[in-house]
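Taken from Swiss-Prot, the feature active site, charge relay system applies to Asp171, His237, Ser409, supported by sequence analysis. Sequence annotations record features per position, and here Swiss-Prot assigns domain 'Peptidase S8' to 141-468. The domain 'P/Homo B' annotation in Swiss-Prot covers 484-595. Here Swiss-Prot flags 1-21 as signal peptide, drawing on sequence analysis.
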Amino acid sequence: MKQSGINGVKTLTLVVCAALASQAYAAVNYESANYIGSQPEGSVRFIIKYKDKSQSQQMMTNRSTTSVMNNNNITIAGFNAQFVRTMTIGAGIFAVPDLKTTKEAHLVMDTIASNPDVEYVEVDRWLRPFAAPNDPFYNDQWHYYSEYGVKADKVWDRGITGKGVTVAVVDTGIVNHPDLNANVIPGSGYDFIQEAEIAQDGDGRDSNPADAGDWHSNWACGKYPDPRYEKRNSSWHGSHVAGTIAAVTNNRIGVSGVAYDAKIVPVRVLGRCGGYNSDINEGMYWAAGGHIDGVPDNKHPAQVINMSLGGPGVCGSTEQTLINRATQLGATIIVAAGNDNIDAYGVTPASCDNILTVGATTSNGTRAYFSNHGSVVDISAPGAGITSTVDSGARYPSGPSYSLMDGTSMATPHVAGVAALVISAANSVNKEMTPAQVRDVLVRTVSSFNGTPDRRIGAGIVDADAAVNAVLDGNVVERPIDELKPQAEYRNPQIKLIRDYQMMFSEIKVNGRPGNTKFAVVKADIRHTDPSQLKLRLVSPKGYEYAVHYDNIKNKSSELITFPRDEQMNGYWRLKIVDTKRGVTGYTRGWSVAF
């Protein structure tokens, strides 16, 4: 396709509209379109990522082209579409306000994907906070000091309080509150909500991360008669989360924070009805210190990022890419599992890799009835009856207050706060910790549930005292693969088809290895047109799952996995492969496990 003589409108058509005769189809995340019926009417948008070095990608990243796009409408599969903006990863966002059904979304996605320049297309999903207000305020923070709390009080007694650590709260923003203000870095934060109607503060993206309120009227956020979309007052959700992490302590008022000397950077990504995945993930990446065009760089990059939010659907390419980049910048990302009592594998970003996914427990040490569960949940924390900082206004900010809330949203900041304590403890003895080390020590030092949970919600309850002890004792070193020498390797050479948008397992039976192991080395040889759409897990004989990170270039994986618990060696070990998008298939040429 030549560019010469193409005016603004034709250039836009070249970038978006498909060459229908082409057979080189891109990865289409059909699953991301399954839930558009639960979004506010007229809110459907698509994220389109073009292949690197393609003509379309070059035009997408060209500022003059995108400025032309912004002033023109186009048609895709008969639907009017408007260019919104270009993301930091080079993907374009397009709004299709008249689209209403999953079938229509699939038609649009197929049309886009038939362009040979397209790498993938997915819906810009709508995510929401994972909490709901409960009972009136009472000053009883059992979740810090009781048998099934996080045992933060024992760490405070040793002077470990989160000092020197920055935590980003990616949420609804934050309110003016005497129990928060001193721990919010002055002038920090940003409002990433682009749509003024969602932001409810009169404008789009700006440097003011204040929570303007997320109230909404009946059925503004979804269809009648779903009770989830009845009118609701503002939640002040981000302030409640921030208070659990780092409320000012020993000030004779209100509540305490888990890491009460840590500092908060508020990142506003949720407003009326929630927020777009694209805004949320760029806000998360910015919080870690990543650059976003048009936004001043964050002068206070966070070592810990709290994301008490989510929505239906498995982790997509866009969020996983930005999570990986944020992790590479040194941020430990803590995410809520969700509150629908379902398998969190079907929730995003809870199902992403390189994060810690958090379930919720009660004061009795049992699984909270609402907590999502499953193999992607890594750890749990108190999430029922949690008191923290909010505003007293029903719709708009009117003054400081306190409230009791339930949710995995409330459990997640407990883990984020303990992560800050762990990093602070490492700093106190001149140690540096990677995000992988922080995640490992948190999971490896958990306290026990009260009995076996009715559904799997991770290794146990986060334990600040045990985690900090592990750091101070030096028990956090990531051991290189050559220091852990497996005694034997077990192989399955079978060729197995990886079917389109399905799950497959390949088994290895281990005999003659009594005892337990703390690690395994996994090797896999997988051939696939688009390996980025695959999720790999090693499943132990006990049924615990561990992420296997896949080499997209060489189509092979060789990875050391350390376990947070002893795993028996004898029994059936399985490699689980999930194809998360439609359009292409592949196969495995065998795999092995060694310990």
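Backbone N, Cα and C atoms are what each Cβ position is placed from, and that goes for glycine too.
Asp171 (active site, charge relay system) sits 10 Å from Ser409 (active site, charge relay system), taking the CA atoms of both as reference points. Note: the Cα of Ser409 (active site, charge relay system) and the Cα of His237 (active site, charge relay system) are spaced 9 Å from each other. The residues of the domain 'P/Homo B' (484-595), classed with DSSP into helix (H, G, I), strand (E, B) and coil, number 3 helix, 71 strand, 38 coil. Listed active-site residues: Asp171, His237, Ser409. The one with the lowest count of other Cβ atoms within 10 Å of its Cβ is His237. In three-state terms derived from DSSP, Asp171 (active site, charge relay system) belongs to an extended strand segment. Mean pLDDT for the domain 'P/Homo B' (484-595) in the predicted structure: 81. In the three-state DSSP reading, Ser409 (active site, charge relay system) counts as helix.
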